[in-house]
Ligand code: GLV
């Protein structure tokens, strides 16, 4: 992994190693993909303020997310079909995150089950919940997450119906892939991936198959979603889910200030400012472009997290400066996983840590918890005089 220096390097390696249908599943957005692209592009518009001759020794990236200590405020996002990027992908990514000291979030639509991940980890992980029309199944999932000692439930709000990702339709996405001639050829040129898949029994959606009524086999995520996800999901559901769960609750998929106000009133512990990685409402603004407005609006009432478009440590810092207490990476860790399994996920985290550390220092700070708007170069939006004075005095001390 030594010459893999950027998240993009991992992406290119993953493209070689992962069958096209699964690489494309991760690397796609809804419809025209305009929001998917905006998530990344809008980060580079945010300029950081370079400071010099400031003591840069003894730096710390340690922080907390929903009160849990993290070695840096970067969690692994819940991502569907992760065990198709690499055999046993969720188990490997969870182990890499645990060793690194950052949270891992298991998706409902994972290949490895809650129990699989619990069997290879020592510390609690987070579980992401989709709400299905079959409420017994949902209650059972919540209870399984409790039994596995998950320390937070991440409730996704922005996928009541599934937006089309054209690449998945064109590729005929299923897990495991159907044995068509193009798929056989595609897999045959990726022997490492195939060996891994032959060596594991985890090849379908194990949180669901054998647990949900009448589901003996489930190969298509989109067919399942279209039939089973609850299009009537409402704030009332958030109440009963919160009550049944009884632990830390994170609401994922808030992109609008009015929804953020409702989320803050719901008693949840945190929200994730998110457009589902540009995979749902095509045409929605990027997550980073609405973060500040939401954080300024409700940030004293609920902890703010964000995801979407983070590809570097600089991006992490930008999001923290604009009001996020923590961020999530999805595709960056998936590229690492596809490129090199558990070691690849660790490499993705290391790349981001190194970039974050250097960037923090060159902005004149030593403690990530000090990240704030005073670290951004925004001549058109000067900080109020007293805040600027305080920030300058602090940097010069
Ligand atoms: C599932 O969460 C997806 O975005 O495909």
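The backbone N, Cα and C atoms fix where each Cβ goes, glycine too.
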Per TrEMBL, which one of 25, 377 shares the glyoxylate site with 165, 276, 279?
25
Residues among the binding-site residues 25, 78, 274, 308, 330 that border ligand 1 - Cβ under 6 angstroms, in sequence order:
none
Glyoxylate site, defined by 25, 165, 276, 279: further same-chain residues with Cβ within 8 Å of the Cβ centre:
28, 29, 30, 80, 163, 168, 277, 278, 280
Which of 128, 156, 165, 276 (the binding-site residues) has the most other Cβ atoms within 10 Å?
276
Can you tell me which of the binding-site residues 25, 165, 276, 279 is spatially closest to residue 78 (FMN binding site)? Compare CA atoms only.
276
Within 10 angstroms of the C-beta of residue 310 (FMN binding site), what count of other C-beta atoms is obtained when all protein chains are considered?
27
